[in-house]
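Listed features, source Swiss-Prot:
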DOMAIN    461-583  domain 'HD'
DOMAIN    706-789  domain 'ACT 1'
DOMAIN    816-895  domain 'ACT 2'
REGION    1-342  region 'Uridylyltransferase'
REGION    343-705  region 'Uridylyl-removing'
Amino acid sequence: MPQVDPELFDRGQFQAELALKASPIAAFKKAIRQAREVLDTRFRSGREIRRLIEDRAWFIDNILQKAWDQFSWSEDADIALVAVGGYGRGELHPYSDIDLLILLDSADHEIFRDSIERFLTLLWDIGLEVGQSVRSVDECAEQARADLTVITNLMESRTIAGPEHLRQRMLQVTSTEHMWPSKDFFLAKRAEQKARHHKYNDTEYNLEPNVKGSPGGLRDIQTILWVARRQYGTLNLRALAGEGFLVESENALLASSQEFLWKVRYALHMLAGRAEDRLLLDHQRSIATLLGFEGEDAKQSIESFMQQYYRVVMSIAQLSDLIIQHFEEVILAPEDEAPPQPINARFQLHDGYIEAINDNVFKRTPFAMLEIFVLMAQHPEIKGVRADTIRLLREHRHLIDDDFRHDIRNTSLFIELFKCEIGIHRNLRRMNRYGILGRYLPEFGFIVGQMQHDLFHIYTVDAHTLNLIKHLRKMQYTPISEKFPLASKLMGKLPKPELIYLAGLYHDIGKGRHGDHSEIGAVDAEAFCVRHQLPQWDTRLIVWLVQNHLVMSTTAQRKDLSDPQVIHDFAQIVVDQTRLDYLYVLTVADIYATNPTLWNSWRASLLRQLYTETKRALRRGLENPVDREEQIRQTQSAALDILVRNGTDPDEVEQLWSQLGDDYFLRHTAGDVAWHSDAILQQPADGGPLVLIKEITQREFEGGTQIFIYAPDQHDFFAVTVAAMDQLNLNIHDARIITSSSQFTLDTYIVLDNDGESIGNNPQRVEQIRKGLTDALRNPDDYPTIIQRRVPRQLKHFAFAPEVTIHNDAQRPVTVLELSAPDRPGLLARIGKIFLEFDLSLQNAKIATLGERVEDVFFITDAHNQPLSDPQLCSRLQDAIVEQLSVSHEPTIEMTRLSI
């Protein structure tokens, strides 16, 4: 800390200002404001971050000393002002907690009560937000014994004012001789760290990470230092290196990583104007600019900054693992430790952990750098890797070069890992953690820490890839197998499960390079297969899966699965049942690993429907596609059978059906046709809109809520309906619009609530929806007032220009309008209003929300129920949608079309 820094705080000038003023508050506030401005200017000019946070602590020391001196403490008074916690370490960011302990010799606080209260009031009045406690030395001991947080804070302390002997006594009575011996402290801190990591999903790669608390954050470094302080009495990284826990290169890496996070945290506090440790989307762009990250556009600079952030926290996490493992071996070493048990000529088992026989194992036999992970997968009783062996891996990974990558011993070992029954994900994660995976597969190294600036992909590409493999493994076990019953069943029957793991490893490996990542990944996957001498059939399947890993999700979410031609086209891509099984399992795992909160029962239903229909098509033979007329006849026959059994007059049914047209029977099941028909025939002529609601959930975790509306057609029907559903907090995922020859509309919507779940067995909610829709359709003039709702915080940071493409369908007499736009409340209602203004009719819609982006497909016709044929009309329609959905007052970030 500086001894003198008059620019930051001039003691003489401050004392003079205090003497001139009747109240000291103004002088204190002025000094605090000026100091903040000075430090912020120094930060922007590139001043060393360690100096900045130490300078702020020094300044606060001076302010507190001056504030303390405003009160009459006798020179021999047994009371001291002590800095604890981060402030006790001498580290303060702009809005860090200023933790203070007012330390007394005696538990009798009364003699100092008035002065203490007035001192704390002064701190509050001058704008310092402090965390304070008032304790005697004995009370410190009592509370520290019971509370891990208290003992941790007291270990980091400095006397700011008053006698130092009080703090020394406090340290003595809270030492390891009296409480929290090293072993207990380590176990408690390790458990605390695990709980904290779990809170952040056990990953460094959250979309909005916490710079302090997330895995690999500043708290992990502090945990290392706390344990070291308790065990060795040292409290800095260099001292750790002196104890042999860090080599010099590791010490330098940890120190530089800490300083990078300090810069990020300082910038966060400065920009937020408050204590803020979450790297929110609100601040990522500004911090990227502030720290000098550049790119062709804002999105690229953010991604460059975040990739650097993720790689830094990965480095911290790696070293934290190593040091914590080192501590465990030293602090928890049993007194009667059993001798190591040999595993083979290169490795042995030491207290449950694998370690190299000697320091030259990886130098003499480099293939052992892959063998160690295969051994851990083959021997699940192995708890992990000894610290010295982790360090040896890190020190020898430079030996992984092209010769290593083509050595048949290494290629065989790598493939062997994917054939293990358990431990594949765990050991791939270790390989990534220790920097081995990215060295062995340079193309994988490229995606490490690579983020995608959107709400759909909540993990970096490498974390998502390893998550996918984890979910593939877990599909064979409960509870995840219950959520994905078909995928789990198929996973257990795949002839070579290792192939889907390899396809999963490569499915997104082409991201971040210019071009179609599926095509780029397929090229890399083929090169991998050739290098690893996989059979031709295996190679073809892996390459095909990587190349087509998006096809199933795209077809299910963007195309009309009731159209036999859609199923036939997809079946022609798949060709055989084996590919279909592999692709379905990969697709489910991919979507769920991308963002589990965006997986919902309707997506599950669509994928199962596409799988089932394609399976039937493959059994029937690609040369024998379903005939539309035959499908219509089968649906009508089955529906009529249901109705007649229930006592419905078949002549009335035939009369109703004659008004509906072929599309109605292609888009609905026989059960739905019977349900609709029975209700329509019972509806009074003047009964108003008919609104039917039912669950279509056939299996747990699949389905949605179906809303069927039958009413006289009106031009604003769709606009009114979707506006009302928006007001009812319903998310539309599918819409089928039929207009009968008698000018009645038969609309079917599949909806979920805001949690991505169907409405379920909730009569009150069902009645609320029924009444809301009925009232809206009876009073259509009210609908424009109900489409305004506040845009959620995160969505505001993904403003990009809407994309609209319009083309006529080659198979059906409709025009296809594809929309990609920022998700906003009331978006469908706005679209409906535009269709109304352009005198267009909606025939069908596929609605997909992918994070902050909607990917919707609308099948429309003109006022004469014909496809659009006027290019100028199409151009005006495009312009109207783009103008209506553009965010005019927010910066635009150009974004590419999302892929799962």
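The backbone N, Cα and C atoms fix where each Cβ goes, and this holds for glycine too.
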The domain 'HD' (461-583): DSSP-derived helix, strand, coil residue counts: 88 helix, 0 strand, 35 coil
Summary of DSSP states over the domain 'ACT 2' (816-895), given as helix, strand and coil counts: 26 helix, 24 strand, 30 coil
The domain 'HD' (461-583) [mean pLDDT, rounded to integer]: 93
Helix-strand-coil residue split for the domain 'ACT 1' (706-789), DSSP-based: 34 helix, 25 strand, 25 coil
